[in-house]
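Right, one structure below, let's go through it.
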């Protein structure tokens, strides 16, 4: 029993409530927000160590035993995701201090960011399917607030599309939960996994799995369901786009990993060829979409879609090797993507526009910003020594080992196309001569530069110390794919059915 | 605001009754139908009735609290009472109860205090939403004007 698992959730909730209460005293509220995110970060770094040392951590809320109560489970995948999520939130909060005006603070911007992290952490840790739905709603509500805060026309338009399309995904998720409960009579993930092994009609489980693929796929922005993302992500302030790109689609990807990788492994094996097809289509369509765009944040938004294809590829390989590679890649892309949004956003703030045709000459004006941007794009494209190289290398190795030639080939091609498309921003924004007089432009402030730069440095460090990360993700991938071990950790050695039968007798 | 003698008379009489009933529901909770959520809805119904009968300005004067702060405090207070269990190495939300019931109130334990938090949060949120909707013409007069001109 690891009862401390609820601490990061409760601390964020208390932090958000206090930040609302002390909203008038700006600096007190800011201190509370930074404090609770820092606590979350320290906790999740410690959790990384605890999981590596002692294996899965489980806690049952209120002492109700596993198939009946709400279970919180932390394994390697959870710990990695939690650590990256709180790191990104901390950077976003710091970036927001420098980039947002006071109006946002008055309308509870920072409590909403905390609630977003609360929903995300809950979704990472929960061991109950319906509880996962609840955490999705928490993070979606917070994100609805964040995306429309400010209330400009473009934001409301983008927000409407975002809300409507996300609600469709939520409804599919809820329908899936209902069907699972109807068929196997439980919502605890470990218990579902156990009962699915002995189910009489396997066909219906495949249908349910497809519904979940639709639900999580629409959150993760996979191929036919990604259209909400590029139409809404460039409308809110940069800090909001950055944290969304780091957390939201990745929660969808993580849920795909958890539900298919751990709970519905048989269905994953059925659907694997289809998931791989979706993966390479998503990669290609995303990167081609990015090539056609002429706005910094729109280009980056299409790249989110393209990168999700890689995460889904890790799932589609349907092995602990593939899941480990996918986790490594997802953790890397969360960090790099957010840093690119920060740096691109800083450039946007300097020019007052995100249209790359109107920008230019920034390499001469802001060389430090340009260096970090360049390191960021080679990391995204997957060149050594950055973390992106090892993320893609692991995925390609797994693909080659399992003979998935098509998806591996497309993944390599997409890497080159990504570099090409990012170099377009490099050429237009940083390299080319500006038509306007750039000497009058405002200088970039340290607060805008630092969060993105720090994340790029972390990406570089992860690339240089890749062996540690690779070891950890292979442990995490093994735990994620180890269904029997998951059931035993959650329900005890005899499994959930034994606890269930003992209780109803 | 709804100008009706019957509604206003009833609203005036019902408010203390409903507020009392909400507290009763709150304390009855936990093991019987009731609890913080139901109690909170009852209390906010009492206040919303004032909004309908006398208008939002009057309703704000009757009970002078910041509903948003009330909701935030409720969330804070509720979340707090799951924590003591952690100090005794028990899972979050494990309950502690006093041994002897207090006459008139009943048994008190951490779940009751958690319910008080829920109670405050529900009153705060529902009343705040109702007030915002009721005050909309006052907050955004330009939209109302544009509509009436058409």
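Quick reminder: no glycine exception, Cβ is built from N, Cα and C everywhere.
Because TrEMBL annotations are produced automatically, they should be read as predictions rather than curated entries.
Per TrEMBL, domain 'NADH:quinone oxidoreductase/Mrp antiporter transmembrane' is recorded for A:127-417. Feature annotation from TrEMBL assigns transmembrane segment to A:6-24, A:31-52, A:132-151, A:163-184, A:204-226, A:238-259, A:271-292, A:299-318, A:324-347, A:368-391, A:403-423, A:444-470 (among others).
Outside the transmembrane segment (A:6-24), and at least 6 residues removed from its termini, the chain residues within Cβ reach (under 8 Å) are 32-33, 35-37, 39-40, 43-44, 59, 61, 72, 82, 86, 105-106, 108, 110-111, 114-115, 117-118, 121-122, 125. For the transmembrane segment (A:271-292), the most Cβ-contacting stretch among A:31-52, A:204-226, A:238-259, A:403-423 is A:403-423 (pairs under 8 Å). Taking Cβ pairs closer than 8 Å, the transmembrane segment (A:324-347) reaches residues 76-77, 80-81, 84-85, 87-88, 91-92, 95, 99, 238-239, 241-243, 245-247, 250, 253-254, 257, 296-297, 300, 303-304, 307, 310-315, 317, 354, 359, 362, 366, 369, 372-373, 376-377, 379-380, 386-388, 390-392, 394-395, 397-398, 425, 429-430, 444, 448-449, 451-456, 458-459, 462, 469-470, 473-478, 480 in its own chain, all 6 or more past its ends. Of the Cβ pairs linking the transmembrane segment (A:238-259) with the transmembrane segment (A:444-470) and spaced 6 or more residues apart, fewer than 3 are under 8 Å, so the two regions do not touch. Within its own chain, the transmembrane segment (A:368-391) has Cβ neighbours under 8 Å at 303, 307, 310, 325, 328-329, 331-333, 335-337, 339-340, 343-344, 346-347, 362, 415-416, 418-419, 422-423, 425-426, 430, 444, 449, 452-453, 456, 459-460, 462-464, 466, 469-470, counting only residues six or more beyond its boundaries. Below 8 angstroms of C-beta separation, residues 220-223, 226, 229-230, 233-234, 241, 245, 249-250, 252-253, 256-257, 260-261, 268-269, 272-273, 275-276, 278-287, 289-290, 293, 324-327, 329-330, 333, 337, 340-341, 344, 356, 380, 391-392, 395, 398-399, 402, 404, 407, 411, 414, 418, 421-422, 424-425 of the same chain, each at least six residues beyond the ends of the transmembrane segment (A:299-318), sit close to that stretch.
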